[in-house]
Amino acid sequence: MSKDSDTALFLKSMEDHDLIERVRVTIQNAHVFKLPPRQTVSVGWRGADWKDKVWQGTVKVVERGDMTAVLLVDRTKGSIFAVCPVREGSIDRCVDSSRYFVLRIENATGRHMFIGVAFNERNDAFDFNTALEDSRREKEAELMPVKPFSGPTKDYSIKEGEKIRVNIPKLAGGSGNDDDSDFPLAFSNTASLSPTSAAKKNGRKSSGGSKKGLLLAPSAKDTPRRAR
């Protein structure tokens with residue numbers, strides 16, 4: 001007995017109305033292209049080389065149970081044009097544009113092919129990529145073991161202004177002075193200075209923390225938009 005493909009399992013799950021479905025993103029307008037042969041695998045895919053457009057419609061990232069798939073859906077009829085089960089190596093990006101992706105689609109029998117998907121706007125491409133990343137991170141988090149809760153951690157550190165009293169017992173053969181038998185040792189916690197205060201005390205200014213991380217700006221040399 002042959003094992004069902006991921007696409008067959010996903011389509012079968014759509015018949016289960018008790019299974020929770022989550023649509024992470026819906027992008028109304030996307031273009032699908034037949035991919036030309038690549039010159040070399042090391043160069044990667046280039047959206048500028050795509051000339052043979054075969055379809056236009058809606059792209060969805062959908063989760064059902066523990067499965068995630070990219071669905072290409074007809075905008076008027078709602079029928080599914082193609083399914084891309086999300087797994088390692090099923091989605092790739094183009095080297096010349098942030099709006100172009102390569103999807104590995106497959107049918108219910110397991111036969112597959114690669115197609116090109118182009119979005120009109122960078123925001124659409126960003127939302128698509130973010131939906132895939134969020135889905136991946138959440139699934140990885142679900143596989144992480146949960147640490148047992150051991151209750152709140154007690155703080156035994158000495159607070160500022162607190163004092164410690166130490167009782168030293170009277171030594172045998174001492175001078176007989178009872179005042180030495182109860183010697184108070186008191187101090188305040190002066191080490192808990194803020195970084196700014198400590199810097200001022202040492203005659204230096206605080207650096208104010210590290211710089212915030214910056215996102216790289218999109219390349220101005222982008223592949224032209226496709227006709228809507």
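If you go along the chain as it appears here, the first residue is 1 and each next one adds 1.
A Cβ is built for glycine as well, from the same backbone N, Cα and C atoms used for every other residue.
Values in this document were obtained by computation on a predicted structure and should not be read as measured data.
The compositional bias 'Polar residues' annotation in TrEMBL covers 187-199.
Per TrEMBL, compositional bias 'Low complexity' is recorded for 205-216.
As annotated by TrEMBL, domain 'NECAP PHear' applies to 20-168. Secondary structure counts, DSSP: the domain 'NECAP PHear' (20-168) has 25 helix, 58 strand, 66 coil.
Taken from TrEMBL, the feature region 'Disordered' covers 169-228.
Regional average pLDDT for the domain 'NECAP PHear' (20-168) in the model is 91.
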